[in-house]
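The structure appears right after this line, and notes come after that.
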């Protein structure tokens, strides 16, 4: 009889944070909105708060970067560790150290689904439909997958069943699709800058931006718009038709997460051939099932916000059953190891975090060491061939552990 590998139990879980409202600003890391001054990601981008003039110019003005980065580390009895990062900051640390720890410590490193289910059910009474609590659960889940991979000596994508393609090809999210084309990306997704409170003038300005980039990038380069929950159905429909002459590939997250009827109407009225996408700020498996039923073309969960890798795999299955694509919101290695195993993810997102979009910078810089970036718009699966998620925690960052147990 062959020997079966004996897996260790989890000895301890620890939680740190960096950046956010109670720490230094501009720390970057898992909270990629926490950038310094003069960064494209904070430059007059349309949001649900843009209708208030005092919060229109800057997303940081209404507090988009107050949470900061959460870092969760799990340690096995044999001394091996796994970790992950997300957006939950100091409040996420409290949830991990004072509540979720009881479901983690003492379990086998392979008990990921059991721990996941217990965390979800134990927080139902205060988690609502996602948000901070789900971000925290996601971070724990990713740390568990990282630890499991390191214990058995395999990359996470092989734990999921292996790659279905040799490489991942990327589009870039930034303000300069023309520069993204020069770097080898297959497309560029720009933020919108205007919303319903700006009327038809706002539509004309954003459509003119698309027209300008179409001229600069040529006919074959993908162009997309990210509307970040800032519109209503009528405005989004008019904007989609205004951009149709410039071959806009898709229009993204026009409406707040729970407006399912609005997404159904938008998909029904969008120009033929233009895709409607959403999902970045949906936080539960059930919400993605309902979103899928609206008939949108691409679901875009964030693996650090939707419940972790365990939930992302389930979301991909829902999308596949309906013939939909799942293209996760850019989450670096945490997305890479998942999407290379999904047959309904033919491309992925890379979120540019360099201030002017002119250079390649790892998305979660500086919190991850050895974080890969696309080369000529691609990452080969061999780059992912390291145990776990293949990155290490940069302990030189100003990590704070406000709670213990």
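Residue numbers in this text run from 1 along the chain shown.
Every residue gets a Cβ built from N, Cα and C, even glycine.
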If I go by Swiss-Prot, which of 182, 252, 314 binds Mg(2+) at the same site as 226, 280?
252
Which of these, 33, 39, 380, does Swiss-Prot list as part of the substrate site with 59, 349?
33
How big is the Cα-to-Cα gap, in Å, between residue 33 (substrate binding site) and residue 302 (site 'Increases basicity of active site His')?
14
Across all the protein chains here, work out how many other Cβ atoms are within 10 Å of the Cβ of residue 33 (substrate binding site).
19
Tell me the Cβ neighbour count for residue 329 (active site, proton acceptor), meaning other Cβ atoms within 10 Å of its Cβ, over all protein chains shown.
22
